[in-house]
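**Student:** Taken from TrEMBL, the feature domain 'P-type ATPase N-terminal' applies to 155-211. Residues or ranges marked as transmembrane segment by TrEMBL: 208-227, 360-380, 386-405, 912-934, 940-960, 990-1010, 1016-1037, 1044-1065. For Asp445, Thr447, Asp851, Asp855, the entry in TrEMBL reads Mg(2+) binding site. Annotated ATP binding site per TrEMBL: Asp445, Lys446, Thr447, Glu568, Phe610, Lys634, Arg663, Thr743, Gly744, Asp745, Arg825, Lys831, Asn854, Asp855, in sequence order. Sequence annotations record features per position, and here TrEMBL assigns active site, 4-aspartylphosphate intermediate to Asp445. According to TrEMBL, the feature region 'Disordered' maps to 488-512. The domain 'P-type ATPase C-terminal' annotation in TrEMBL covers 878-1071.
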Amino acid sequence: MGPPSSSWRSASTFQGLRCWFTDVPSAVRGKPSWLLASCRGCVPAERCIPRTCGSEDQILCLVLGPWRYQLEDESAHLDEMPLMMSEEGFENEEGDYHTLPRARLTRRRGGLEWFVCGGWKFLCSSCCDWLINICQRKKELKARTVWLGCPEKCEEKHPRNSIKNQKYNVFTFIPGVLYEQFKFFLNLYFLVVSCSQFVPALKIGYLYTYWAPLGFVLAVTVVREAIDEFRRFQRDKDVNSQLYSKLTVRGKVQVKSSDIQVGDLIIVEKNQRIPSDMVFLRTSEKAGSCFIRTDQLDGETDWKLKVAVSCTQRLPALGDLFSISAYVYAQKPQLDIHSFEGTFTRVGLLDLELNQLTKALFLALVALSVVMVTLQGFVGPWYRNLFRFLLLFSYIIPISLRVNLDMGKAAYGWMMMKDENIPGTVVRTSTIPEELGRLVYLLTDKTGTLTQNEMVFKRLHLGTVSYGTDTMDEIQSHLMNSYSQVHSQAAGNTPGSAPLRRAPSSAPKIRKSVSSRIHEAVKALALCHNVTPVYESRAGVTGETEFAEADQDFSDENRTYQASSPDEVALVQWTESVGLTLVSRDLTSMQLRTPGGQILTFCVLQMFPFTSESKRMGVIVRDESTAEITFYMKGADTAMAAIVQYNDWLEEECGNMAREGLRTLVVARRALTEEQYQDFESRYSQAKLSVHDRTLKVAAVVESLEREMELLCLTGVEDQLQADVRPTLEMLRNAGIKIWMLTGDKLETATCIAKSSHLVSRTQDIHVFRPVTSRGEAHLELNALRRKHDCALVISGDSLEVCLKYYQHELVELACQCPAVVCCRCSPTQKAHVVKLLQQHTGRRTCAVGDGGNDVSMIQAADCGIGIEGKEGRQASLAADFSITQFRHIGRLLVVHGRNSYKRSAALGQFVMHRGLIISTMQAVFSSVFYFASVPLYQGFLMVGYATVYTMFPVFSLVLDQDVKPEMAMLYPELYKDLTKGRALSFKTFLIWVLISIYQGAILMYGALVLFESEFVHVVAISFTALILTELLMVALTVRTWHWLMVVAELLSLGCYVASLAFLNEYFGKSLPESLLAMWHLMFFIVTS
């Protein structure tokens, strides 16, 4: 369900998720506080996680509707003429961006040429789309009224709240599988050939000679697809069977997520995924607050604070919800920019290349048949002879090619899943393992993929002294001494005396001691944040006593912190580690515990939250013990540099920390008198009540406080990387793979991670693409980027959108020249768009890696998708082609298994084609010798056995071959570069195998006819024996690394053939053993071939 229209207003927008707020009384009786609306860019499972601050950790939600998929077409064509990336265009003055070079012109095909060159495909697809639109008209979206706890009152029927990743159903399985097989030219050709054997005039052999191989190929395919479909069904069943508590008049009942209906009241437990669009009605925390995590929508694993509907939160008991007769009126959903894009099937590049080679073989087949009929002189019914020759030479196109490749791919997948070096790997798409060996671009998410999203405090800099992880004990000692002095001074005051008020003094500044500066810095970090301490319920406490606090454990071991950013939690956890602990917080106050155990209470007077525009947050607090009023602020160095007092170290130290990959925050404060604060509060209140330009006026009032603030410290926080991320990225870079990072995080964070992970090396410059909003600004920035050399590009999603609108080709061309690219603030749709642009403009193979629901569209748009099972759920893992548990496994998956899969598939495919070409060459020689007669050389079981029991096992054993050992492939990843050029399977290698096949076929047939002229009656058996032995020897000569199964396959095939000599007298004759006395003749032309 998309966001409602007119009467709703957007309060805040996140990447991939929008939270919609309303205060319209008619929307929900009792003035609802917020409505969580989903985006269509996610799969309907594992979307948001709630966490509450109360004792029972539950929230009550009203179901508005199921999560839906929406397939959307690309936007309309650009109406702007593109700016060409030419030297002339960029040598112009920067201001002259209105002058555009002439656009490239392409000749438009027409008539028969257009129809032959692809027009027929366009016509067919247009007709299919028209029929689909007729049969499946989109349902008109209407406004809906949802009654609390009364699904039966819904005016319209809504779809089930379930997900379905299956490709087929019971009725479409067989037709769908057959279509997927016969859309390839290879199988379609053999279907026509097999059907031709029902015509008596065209029949040249037994029916099983053609139908048995075709039936075997289809049977293997159907079984494989059935297994994959059953696995998808099981995965969907597991997700749809997740249990939730449904509140009814009779109490709680357990329901499956797929059985949740619009209007149900669902109780969502702590750390449980929200299963559908819901209104937040009630929580077990008495203030009605709850933390929501939206990792499956926007990839952000931080907790966002939300507040329940006020009237439902105030009800005494849950059962009272059924007595208030409340309803939600939601206007009709409207389209959202975040649309889900799925792919029906995947076909690897190797399959497409083999399909092209198959068409080339078909042309050779037709040409050979025409030549044979021409040499006949077109006598008699030449067209019938032409078709018979097409049937005789049909083995040029090997029907077993598809089944061998499919079985080989299944074997590659099994090897990947059994590799002990990459445990937990799952191959979900068994049709494209060789794609892992041809990747040029790797597009990866940041949070949860490259990083663990666990922040660790690393550095505190006070200007003259810096503290790292190994000197934190000094900070703890200074802090303890400082608070000891404060407590001793406080003890000297009389108990009944009034709190000491300290006003800002105009006296000359005295240099503070290190202990005093540390004390002020740590206290600022402990107060300036949006963190809330949460205490877990005691074990064994059950029941439904709401808002009870007696069952909570307030010990340090039972306390956890929740905030809207993991950076905030890291800072508060660090202050706790050095002795100053946040023990309690609500909307109006905070309590800190000092190293000596004393509780300090601070009243929260004002809170200024962090925004992407201001890049800072602040808080005004009053110390209850001293009545001091202090304004604390922290933020990015770019925003704070102009706010704090003059200093000569901030810029330099920020640069040093940034080079280490640390996320920096500048902390400052300003002491206020009571009069100053009252004046500010008055002006602030007036600004908030302003009707016009409210935002600007509020910002102006706040900025009046942000002057000459005292710089306290600079902090450095590190987002911990996944294990072995740096060596893995270095390995991939050495393998010739270009790595792009696409993240929804902010620019500064993405840049830090790019540096700390060594995605951008220390010696490389970083070009930060400035924000652009118009075509002219985009032109100037592209000019600036083009002048840079060997620098990484960092660009935001908004600027990316503008550049793609006007200069799509130029931006992609420049970005591809950069050693690394970082796209920040990217929506799921933008991630998928970037993948498609790389595919269209470069023609190279792409791989997308992610771990969250916001990565699904990118994963499915790429040629190869890899999902990581992590903290953000299994959504990306289920949607990907390959699933791994850690990012470092990608290195071995690509350079070892990708290499082996591609090399083996290429060798297997070419050898299977060689097997068909050599027997077709022998048939051509045989027909030429006997006056171009269309008579088959081998009939019946010989043709079936040739491609199965006699040669299948040795040829298929090539899936065990390896040209490079895994250890060498990991040690020298540069070997991977050669794979991306496609040299293992190309027209050059194909022609080489064609020439080898023609030479061997001619030698074998002519050798049998010449050397065994006296035993001409056995020429079929002799030539067939030579053919089988040649194939077995060719496999042995092709193998690079022997496996014991290869030896078994060779001996098994040879044994089957020797055994058949004794039983198949119909083909070999009873006197065949006597003719084999001339074995040296046979061995001579076998060795010659």
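Cβ atoms here come from the backbone N, Cα and C positions, even for glycine.
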**Student:** Take the transmembrane segment (386-405) and find every residue of the same chain, 6 or more past its ends, with a Cβ under 8 Å from one of its Cβ atoms.
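**Tutor:** For the transmembrane segment (386-405), the far contacts come to 181, 184, 186-187, 189-190, 193, 196-197, 202, 204, 213-214, 216-217, 220-221, 350-351, 354, 358, 361-362, 364-366, 368-370, 372-373, 905, 908-909, 912-913, 915-917, 919-920, 923-924, 927, 934, 936, 943, 947-948, 952, 955-956.
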**Student:** If you compare CA-to-CA distances from Thr447 (Mg(2+) binding site) to each of the binding-site residues Phe610, Arg663, Gly744, Arg825, Asn854, which comes out shortest?
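**Tutor:** Of all the candidates listed, Gly744 is nearest in space.
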**Student:** Do you know offhand how many angstrom separate Asp851 (Mg(2+) binding site) and Phe610 (ATP binding site) by C-alpha?
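**Tutor:** Rounded to a whole number, the Cα-Cα distance is 27 Å.
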**Student:** For the binding-site residues Asp445, Asp851, Asp855, work out the Cβ neighbour count at 10 Å and name the residue with the minimum.
**Tutor:** Asp445
**Student:** So are the transmembrane segment (940-960) and the transmembrane segment (208-227) touching or not, going by 3+ C-beta pairs under 8 A with a sequence gap of 6 or more?
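**Tutor:** Yes; at least 3 Cβ pairs under 8 Å.
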**Student:** So what pLDDT does the domain 'P-type ATPase N-terminal' (155-211) average out to?
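**Tutor:** On average, pLDDT over the domain 'P-type ATPase N-terminal' (155-211) sits at 79.
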**Student:** Considering all pairs of residues in Asp445, Lys446, Thr447, Glu568, Phe610, Lys634, Arg663, Thr743, Gly744, Asp745, Arg825, Lys831, Asn854, Asp855, annotated in the record as contacting ATP, what is the maximal C-alpha distance expressed in whole angstrom?
**Tutor:** 32
**Student:** Look at the binding-site residues Arg663, Arg825 and tell me which residue has the greatest number of other C-beta atoms within 10 angstroms of its C-beta.
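**Tutor:** Its Cβ has the most other Cβ atoms within 10 Å: Arg663.
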**Student:** Would you mind ranking the binding-site residues Thr447, Asn854 by how many other Cβ atoms sit within 10 Å of each Cβ and giving me the lowest?
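**Tutor:** Comparing Cβ neighbour counts within 10 Å for the binding-site residues Thr447, Asn854 gives Thr447.
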**Student:** Rounded to the nearest Å, what's the C-alpha distance separating Gly744 (ATP binding site) and Asp855 (Mg(2+) binding site)? Just drop the number here, would you?
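**Tutor:** So the alpha carbons of Gly744 (ATP binding site) and Asp855 (Mg(2+) binding site) sit roughly 10 Å from each other.
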**Student:** Under 8 Å between C-beta atoms and at least six residues away from its ends: which parts of the chain pack against the transmembrane segment (912-934)?
**Tutor:** 204, 357, 361, 365, 368, 372-373, 375-376, 385, 388-389, 392-393, 395-398, 400-401, 404, 946-947, 951, 955, 990, 993-994, 996-998, 1000-1002, 1004-1006, 1009, 1023, 1027, 1030-1031, 1034
**Student:** Roughly how many Å separate the Cα of Asn854 (ATP binding site) from that of Asp445 (Mg(2+) binding site), to the nearest whole number?
**Tutor:** 9
**Student:** Neighbour count, 10 Å Cβ-Cβ cut-off, for Gly744 (ATP binding site): what number do you get?
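**Tutor:** I get 28 for this one.
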**Student:** Any residues 6+ beyond the ends of the transmembrane segment (208-227) with a Cβ under 8 Å from its own?
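**Tutor:** Cβ under 8 Å, 6 or more out: 168, 173-174, 177-178, 180-181, 187, 190-191, 193-194, 197, 399-400, 402-403, 406-407, 410, 430, 939-940, 943-944, 947-948.
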**Student:** Cα distance, Asp445 (Mg(2+) binding site) to Arg825 (ATP binding site), nearest Å?
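**Tutor:** Distance (Cα to Cα, whole Å): 11 Å.
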**Student:** In angstrom units, rounded to an integer, how far apart are the Cα atoms of Phe610 (ATP binding site) and Asp855 (Mg(2+) binding site)?
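**Tutor:** Computed Cα spacing between Phe610 (ATP binding site) and Asp855 (Mg(2+) binding site) is 26 Å.
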